[in-house]
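S.K.: Pasting a structure below so you can have a look.
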Amino acid sequence: MALIGDTEYFKGIGEIMYEGKESDNPMSFKFYNPEQVVAGKTMREHFKFAMAYWHTLCGTGGDPFGPGTKEFPWATATDPVEAAKQKADAAFEFVTKMGFDYYCFHDYDLVDEAKTLSESEKRIQEIVAYLQQKQEASGVRLLWGTSNCFSHPRYMNGAATNPNFDVVARAGAQVKIALDATIALNGENYVFWGGREGYMSLLNTNMKLEQDNIGRFLNMAKDYARSQGFKGTFFIEPKPMEPTKHQYDFDCATSINTIKEYGLENDFKLNIEVNHATLAQHTFQHELQVAANAGMLGSIDANRGDYQNGWDTDQFPNNVLETTEAMLVFLKAGGLQGGGINFDAKTRRNSTDLEDIFLAHIGGADTFARGLLIADEVLRSSPYESLLSKRYSSFDSGKGASYTAGKLSLTDLYDYAQEQGEPEQISGKQELYENILNQYS
Ligand code: XLS
Ligand code: NI
Ligand code: NI
């Protein structure tokens, strides 16, 4: 049996190239030009695009109303590790053909969980050894690893926040194994998304104990990984709900509080998902800005939601104007700290051609590239920045400057206001800002 598989899964599809927006070839990038320098970095460096193992290789389109619709040609072997190797071959073929540099996984995306913990660990070690060789041969790297502590029925009451210590310990063991795998693969980061870390009813919940327990748990995971030489960043991925009614990592502001409350601020940042922001009733750019303000803009899970319904539809990004607003925050913050842009998105249930997976990622990459190009142009060539500084110019000199320097008291404000009389009415000019964005799109 060949160690590095030689089956081609995406037949008839070659490497996706940048051809520019005049090209009619659907299998080419129109805006994502990996080597093009924008604001001092190549697009490849800005974005660090990654493929999500779970959606791309594992998700066959099942929904609560019907089974999967997609028959993937990989993972057909009956032996679970052999099936996992086929899946890895497909994964690396896909990432390489896309011209991306990264992938992301949950432990049991790589290989099916076994009946026992030790058998599962053995399977993971075997597939990790295989992935090491695939990485070596292709140059593709691991952006982040994570563990799926939400699908198995044992986690129905939570993992690190489970009311039963035995389940907490089981989750700890699983995270240890996933950390070992991430470290063995030189993973650049590690993600915690607490799908079941929350509650359904406060009636049967000791919220304080559950939150303190996850604080302890995250510290243990961090200490263990550091003791094993892990140098990367840990990310919390906020999400307000789904599957749990109330999730503890509701949004960026809540998660930053968790990080600070449990003393994790030197090791943890945020992985921000577009659709999760929407579910939390925020915009994506709002969440990016909150993270940037705290110095915790770590990584992005790129997708989009649907404004007509309220769940995580995980569609591929295609809203240029919204992405442009996000890229304004991204550029002004100096980009991501350690992370990249992972397409946590899936093709629709009725998009059943294998090429649809390519079309979806091409569209996602082009949307971010176009947003970046427009945002860069707006920052460099439009009156946007000067309008914004003018709006706050009262803090640049005089009493306003003394105020921001912390030199005034409430009585000083009183005296100043008495002298000034009624403040002048100053327009917020929102429509002008919106028009500028349109003008450059
Ligand atoms: C689910 C999350 C999940 C995380 C990784 O909504 O987005 O996919 O990114 O566990
Ligand atoms: Ni995600
Ligand atoms: Ni999600």
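Placed from the backbone N, Cα and C atoms, the Cβ positions cover glycine too.
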S.K.: If TrEMBL gives Glu237, Glu273, Asp301 as binding Mg(2+) 1, which of Asp212, Asp344, Asp353 does it give for that site as well?
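M.R.: Among Asp212, Asp344, Asp353, only Asp344 appears alongside Glu237, Glu273, Asp301 as Mg(2+) 1-binding in TrEMBL.
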S.K.: Using the Cβ center of Glu237, Glu273, Asp301, Asp344 as the Mg(2+) 1 site position, which other residues in that chain lie within 8 Å, going by their Cβ?
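M.R.: Neighbours within 8 Å of the Cβ centroid, excluding Glu237, Glu273, Asp301, Asp344: Trp193, Lys239, Asn271, Ile272, Val274, Asn275, His276, Ile300, Ala302, Asn303, Asn342.
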S.K.: Could you tell me which of these binding-site residues, Asp312, Asp344, has the fewest other Cβ atoms within 10 Å of its Cβ?
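M.R.: Minimum Cβ neighbour count within 10 Å, taken over the binding-site residues Asp312, Asp344, occurs at Asp312.
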S.K.: Name the one residue among His106, His276, Asp312 whose Cα is closest in three-dimensional space to that of Glu237 (Mg(2+) 1 binding site); these are the recorded positions.
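M.R.: Closest by Cα: His276.
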S.K.: Among His106, Asp312, Asp314, these being the recorded positions, pick the one whose CA is nearest to that of Asp301 (Mg(2+) 1 binding site).
M.R.: Asp314
S.K.: Kindly assign Asp344 (Mg(2+) 1 binding site) to one of the three DSSP-derived states: helix, strand or coil.
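M.R.: Once the DSSP labels are grouped into three classes, Asp344 (Mg(2+) 1 binding site) ends up as coil.
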S.K.: Within 8 Å of the Cβ centre of Glu273, His276, Asp312, Asp314, which other residues of the chain have their Cβ, at the recorded Mg(2+) 2 site?
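M.R.: Going along the sequence, the neighbours appear as Lys239, Val274, Asn275, Leu279, Asp301, Asn303, Gly305, Thr313, Asp344.
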